[in-house]
Amino acid sequence: MSTPASTPASTPATTSGSAEAPESVRRRRAARPRGARRLDSTALIYLVLVGVVVASAVLTAVEGRNFFTQGNIWAVLTAMSVLGLIAIGQTLVILVGSLDLSVPYVVSLATLVAAGGMKGLDSNVPAAVFNTLALSVLIGLVMGLLVSLLDVHGFIASLGVGLIVSGYLATNYQGSHGAAAPDLSLLGRSGIAGIIPTAFIVLLVCALLVTLVLRYTRLGHHLYAVGGNREVARMSGVRTAGPVIAAHVICSFLAGVAGLLLLSRTGVGLPTIGSQGRYDLLSIAAVVLGGTLLAGGKGSVVGTIGGVAIFAVLDNVMGVMQVNPFLKDFVRGLVIVLAVAVYARRSVVRRPPRFGPDRVLPLPVPLLASPSKPTDQDPA
Amino acid sequence: MRRNIHRAPLAVASALLLGVFATSCSTEDPTDDTSASEAPADSAESPEEGSEETESSEEWFDQEVYDTQYEQRSATFEGNPEQPWLQYIDGEMTDTSKLASKGAKKACFANASISNPWRQTGWITMNQQLEVLVDEGVISEMETRDAGDDDNTQIADIDYFISEGNCDAFIISPNSTAALTDAVERACDTGKPVVVFDRGVETDCATTFIHPIGGFAWGIDTAEYLIDNLEEGDKVIALRILPGVDVLEQRWAAAEKLFEENGIEAVDYFTGADPTKIKTIITDELNKGEVAGVWMDAGDGGVAAIEAFEDFGADYPVMTGEDEMSFLRKWEETGLTGLAPVYSNFQWRTPLLALEKIFAGEEVPKEWVLPQTPITEDERADYLEANEGMPDGHYAKFGGEDLPGYPEVWQERQIP
Amino acid sequence: MSAITSTPDRRDTHVLPASEGSLFQRLLRGAVTPGGAVFLLAAVLFIAVVWANPSFGEPPQLIRFIGRTAPIAIAAMGQYYVIVAGEFDLSMGAVIATQVVIAGNYIGDDESRVLPAIALMLAIGAVVGLVNGLCTTLLKVPSFIVTLGTMLALGGLVRYLTGGAATGNPVDSFREIGRGGLQDVPVLDVLPYPVIILTVVAVASVWLMRSPFGRTLIASGDNPDAAGLAGSHVWWVKTRAFMLSSLAATVAGILLVGYAGVHPSVGAGYEFQAITAVVLGGVVLGGGRGWVLSAAAGAFALELLFSFLNFQEVESTWRNSVQGLIIILAVALAARAWTLGRRPSRTPASPTPSAAPSPTPARPGTETGEN
């Protein structure tokens, strides 16, 4: 896909006359993950969230309930936890310009491996957790290598790996398997003051850690750089493979953690639990809802958490109102498009095309400069 | 200024983190024992210690349950045969005198999903039954949460009902057997009546567990029919919806065992009830050689299977489908040798009627086994006539003929 | 398959194509690119399937196979327009499901409604595509998100309005389109209508991709900014690509109503099948590269693979894994092969004079005009 000899032309800067040197593009696009504009869009997301919460509170009150009761907040935060963890990983993968469609299957596999390893005994927990997370990391590593070294598009690499895992799951696991350790199950039910579930705390800790990595480490900066423009990042001396692999590894790792959280709730490993939650598409939707560019290079974990929260509150209020299950999907679809339209229109930044920032085109020759010639001579 | 910007969320986050460790996971709500599986009342599947690489049917086959269901097929049912949804096999009863209570009650229904025609039909019937009981002043309202086929959502739904629902009784149609066990037990712990129906859970804490005889009975009925009508060595294609659901896996586990014992060559496929896939599979199999029989673990999509034979120009197979109208109609039209096994759709009426009994203090069966009799060729015409005008996704034994709104509500498939 | 395998040659678009060698050489070179290799892959799989089950190779069986693969091949060609323009269409499955339900509920037993229904379905397909396209181009929402939203919204709405299931199958005359065929054709026995429709769609697609619209479409996918600067209305070109995709889904839906009948799960997963087929056909995600017929060939290769697995009695649960492995391999190889296929024109020793006037060593952009 990428030919090293040529210059990327997919950024507006280069095509609009090649006046800007690649370095300045890089500086503008990538090196500054934090800036006034991003803060604005994050603030906007939380503004939307507040709006959704207010609307939900009103609608809940109409139903004769209180949105802000202990039980309801607990329900919303619980609903956020699993999708949130996966969405954090998805944020990294999308930031670096890739995608991960394999998460549902990694989640399912994690619950099965962990439950199978624990066999309902506390003494097995460390080994089972280690095995589960190691396996998740391995799957992420495979995807990262496919994307970075073999130039397989993230969409395909993760779709393919996901299909492979799903075939393995369907063949080897019929129904539930194993049992969670009592300690883990207890963790799944525990929380602070009956308002904040432990699962949500795990989510917050992970969000914090990933945010710190993105802001203060070389890896984090390179993630943005590679996602903003892989070719430019490469020419600026960034080893592009590293961040891509790291993003995929962390994403699969977090999917593994999400699997453990699910196991703590269900008590058994389930081969379809990941697909049931539709975590692949919903996590991508949540990330984009949270203001991260699907093309990569711009976005934040804080925004993603906001996006996940919007989904969770929406689902909660639709549950309280007993909306027809089919209509729920209609509302979700509508909200995704409308909300993203608001952000997209607001930040009128000209983005690189959706995928393949490493696409090649000779710099000074606009593509259509002489389209007629080849057309004419094309043999029928 | 920029430093302030990114410090702020950081500070908030670290404060939260500190708070976490300060309170250090004060594990409240330590609901008693964990999922260390009690023997399930029925449906003892879920291979707790099954090794990963075992054959599917071995995991799901359970001789004891198989034998029980084999017997139950010919058991006598208590109650009025005109109202099969209230019939049951004599057995242990739950004393509900302590639960008796006056006045209209609020029921909370945690539904697995309405994602297939069978569940949709049942859901419509249930709502019409609800209408009757609301009019009679037995039930004040029913709050429903639909889990959309997701275990995790359904667990959250049940927890929500427990803490926020203000429920007088719980009705639960579990999405999967093992995963929902803990949540159902939490509902039981409230001391309020809990009615479980359709798929089971691995606890017998529920006031009553309502289900037709079961998957093994289905498998026995259908496999015996095919064996009777086929020669030894004939090939049967088994079309299955999806793996891992107990009520479906048990149907195949029983049928596979019987096919094997009787020298019928059976090949099974998962189709997701997608007629496109079904047609492709049958066509490929016909390409390979003769197919004498078709076995289905649910009749949804059965028409496509029959059409595959038509389009190929092959003789109709001996076939078992389901009491879905599409299959019954195609069955009559083609005149093939067939049987329509039934997974009694009328069971969707029973949970609300069970609540009526419970609040009245009448005893209910601990395990409420409903009749489950296949529709034979002789009975087919009656059911087709009785259900004329119903959509293809309707089920003949839906049992709602005496409910308000019949037949328009089912004909127009009005889903609340 | 006759319509598809007949044009596997890579046509040259260099300034002096005459210097590019004989037809045989060009065929050979075309086969090295992913877009050409998929035809070889399909051929190899075909031989394997016939080897596994000789009766599959008999013309009547073969033509039936082509007929039943027509819907996914048509959907793949529709998806091709969107992908080559650098976008995604995830709403395809939902569009198919919608059309299937409309056919069942609107036509019913009324013979006279067949033609109005087809018009209605095409109109709805066009509108869905238009909405997808405008949201992507004018509202600047990524197409992945737009079509994901459409998928959820459309799927939910249709199920809500119909109570989850359609009333029943439409009249047989409508279903004949996807189920019937011309009888008593020599050799073939039956010539299914889907094969004819597939041929028409394929020819129309080739023609379309050679028209100015096709050229601009590929240019918009390769580099929207450059295409815009060159004077094309990128937004309208891309919007039309979405409309073509939804219309292709509509045609696939009409065929599927005939083939499989009305059922809510018809069309489920079609978007990913179609994307897989397109990618297997060597079309590059991100746009700007690939041939429309290769997308159809990708669909055939995929279906042949599944048939092969069936004939080999591979457990059906492994099917997903094999599919996953194949697409990864195909794309990994394609990523190499597109580079390889370009190499002749880049090396200084290349006899191609067209490279000389250009200040840059390569003009890969000109290669994308192929279909």
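The backbone N, Cα and C atoms fix where each Cβ goes, glycine too.
Listed features, source TrEMBL:
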- A:1-34: region 'Disordered' (REGION)
- A:1-22: compositional bias 'Low complexity' (COMPBIAS)
- A:43-62: transmembrane segment (TRANSMEM)
- A:74-96: transmembrane segment (TRANSMEM)
- A:102-121: transmembrane segment (TRANSMEM)
- A:128-146: transmembrane segment (TRANSMEM)
- A:152-171: transmembrane segment (TRANSMEM)
- A:192-214: transmembrane segment (TRANSMEM)
- A:244-263: transmembrane segment (TRANSMEM)
- A:284-314: transmembrane segment (TRANSMEM)
**Message:** Does the structure show the transmembrane segment (A:152-171) and the transmembrane segment (A:43-62) touching, where I'm treating 3 or more Cβ pairs under 8 angstroms (sequence separation 6 or more) as a contact?
**Reply:** no
**Asked** So, do the transmembrane segment (A:74-96) and the transmembrane segment (A:284-314) meet, by the test of 3 or more Cβ pairs under 8 Å (sequence gap 6 or more)?
**Response** yes
**Request:** Could you tell me whether the transmembrane segment (A:128-146) and the transmembrane segment (A:43-62) are in contact, taking contact to mean 3+ Cβ pairs under 8 Å with a sequence separation of 6 or more?
**Result:** no
**Complete:** Same-chain residues at least 6 beyond the ends of the transmembrane segment (A:102-121) with a Cβ under 8 Å from one of its Cβ atoms are 82, 86, 89-90, 127-129, 131-133, 135-136, 139-140, 143, 158-159, 161-162, 165-166, 168-169, 173, 176-182, 184, 251-252, 255-256, 258-260, 262-263, 266, 268-275, 277-280, 283
**Message:** Should anything in the same chain at least six residues away from the transmembrane segment (A:284-314) have a Cβ under 8 Å from its Cβ atoms, list it; otherwise answer none.
**Reply:** 29-30, 33, 38, 41-42, 44-46, 48-49, 52-53, 56, 76-77, 79-80, 83-84, 87-88, 90-91, 94-99, 203, 207, 210-211, 214, 224-229, 331-332, 335-336, 339-340, 343, 349, 351-355, 357
**Prompt:** Where else in the chain does the transmembrane segment (A:192-214) make close Cβ contacts, counting only residues six or more beyond its ends and a cut-off under 8 Å?
**Reply:** 33, 70-71, 73-74, 77-78, 80-82, 84-85, 88, 91-92, 95, 220, 223-224, 250, 254, 257, 261, 264-265, 300-302, 305
